[in-house]
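Beneath this line is the structure, given in structure tokens, with notes to follow.
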Amino acid sequence: MTMEFKRSPDGGWGWVIVLVSFVTQFLCYGSPLAVGVLYIEWLDAFGEGKGKTAWIGSLASGVGLLASLGCGLLYTATVTITCQYFDSRRGLALGLISTGSSVGLFIYAALQRLLIEFYGLDGCLLIVGALALNILACGSLMRPLRSSDRPLPEKTALENVPDRYLVYNEKEKNLEENINILEKSYRGDETCKSTLANGDCKQESLLHKNPTTMAHTKETETYKKKVAERTYFCKQLAKRKWQLYKNYCEETVTLFKNKVFSALFIAIFLFDIGGFPPSLLMEDVARSSNVKEEDFTMPLISIIGIMTAVGKLILGILADFKWINTLYLYVATLIIMSLALCAIPFAKSYVTLAILSGIVGFLTGNWSIFPYVTTKTVGIEKLAHAYGILMFFAGLGNSLGPPIVGWFFDWTQTYDIAFYFSGFCVLLGGFILLLAALPSWDTCNKQVPKPAPTTFLYKVASNSSNV
């Protein structure tokens, strides 16, 4: 059963949705994305290897912790509701809300350094957590579009059943069946068995005529009927939940039958494995390259943040142009970013690292067009389901990327091989998505119609031909 939403208003309350979604992503993702500042502190505090320490930051931005679970739910909610409210301006709206996390990264990078200096690492984390409570106020302003112009239907009988024991429209029929079963179960109590003596039967008949006994019997019958009703309700509830789970699994399988969605799933997983480590480790990359503290005009993590905001806004605007294929635009950002990642090991000065950080940050802005690409691939009706799956694997990639890069450093004592690996992952994801999106791929899979048989005309030679 497909759900049809109202036509997207492309404005009105939608701009309030954009504002609160921007603030939500600012508060939710500002600190986790600026975790590179905290990463240096954790290295000094725990004295562990870079690979093991990187798990802290990667889990904070990926999967596995309560905070990351909340961030994942908030991100999916803000993107889904924005896509519902905007159609022709969807790229611009997604670009605006997604800049919230980038602006948050830029501000939180400097803010967390300041808080650590004044209140220490523990005090910094407490203040950041207190700021995140303002997300509750943002959530109260999000009003999802109804699925149709009709008023919301009343709760189904199944939802009201705890008080009245109602079960769908099958209640009357099944209650009669239950009563018949109950009557059969205690019919032997109302009649005398042929094997009993006559005196015993008479005595039992007198007991049934006793008002107290009859009242007790009615209470027993009522109790048994209620037990039967509740038992049937539990069975129907279990069947309904199982059907919902079955439908979810079938829809998931249907999504993965779409080769572009499957390629998108692989691409986002590989992109987060290779593309997320710079935001976490770039500060340590500079320190490992012997860049002097005096040369740091601005933290590299702040450069990544502000350029990511610019990239999200510009790429989001480009996605609204009809003559631009958004999927190819996304693939282009992956391929160019892979080259930038492979160039990081050659950067030995602050200026070079700052330029590469800006390029990587700008291309990371492709997050603003990723929901747009997903919507075009699966449709607005399946966006929440599909985006939830993609975000799970994106979070998994976030979790695995920084520890892998850190382990490469612990193994080789240099980040060179680590960033070559990161660039290869992003490049591989981009090429897989490109192959799945090429129109020639569909042409190859289509069965070419067989050509019609050619008719040949043969002229019979005459017997009177000259010899």
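Every residue number used here counts from 1 along the chain in the order it is shown.
Just so it is clear, glycine is given a Cβ too, placed from its N, Cα and C backbone atoms.
Features of the protein shown, as given by TrEMBL:
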TRANSMEM  12-35  transmembrane segment
TRANSMEM  55-79  transmembrane segment
TRANSMEM  91-112  transmembrane segment
TRANSMEM  118-142  transmembrane segment
TRANSMEM  260-276  transmembrane segment
TRANSMEM  296-315  transmembrane segment
TRANSMEM  327-347  transmembrane segment
TRANSMEM  353-374  transmembrane segment
TRANSMEM  386-405  transmembrane segment
TRANSMEM  417-438  transmembrane segment
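For the transmembrane segment (91-112), the list of distant contacts is 14, 18, 21-31, 33-34, 36-38, 78-79, 82-83, 85, 124, 128, 279, 299, 301-302, 304-306, 308-309, 311-320, 326, 361, 365, 367-369, 371-372: same-chain residues at least six beyond its ends, Cβ to Cβ under 8 Å.
Scored on C-beta pairs under 8 angstroms, the neighbour of the transmembrane segment (386-405) with the top count among 12-35, 118-142, 260-276, 296-315, 353-374 is 260-276. Across 118-142, 260-276, 296-315, 327-347, 353-374, stretch 118-142 shows the highest tally of CB pairs under 8 A with the transmembrane segment (12-35). Stretch with the largest number of CB pairs closer than 8 A to the transmembrane segment (296-315), among 118-142, 260-276, 327-347, 353-374: 353-374.
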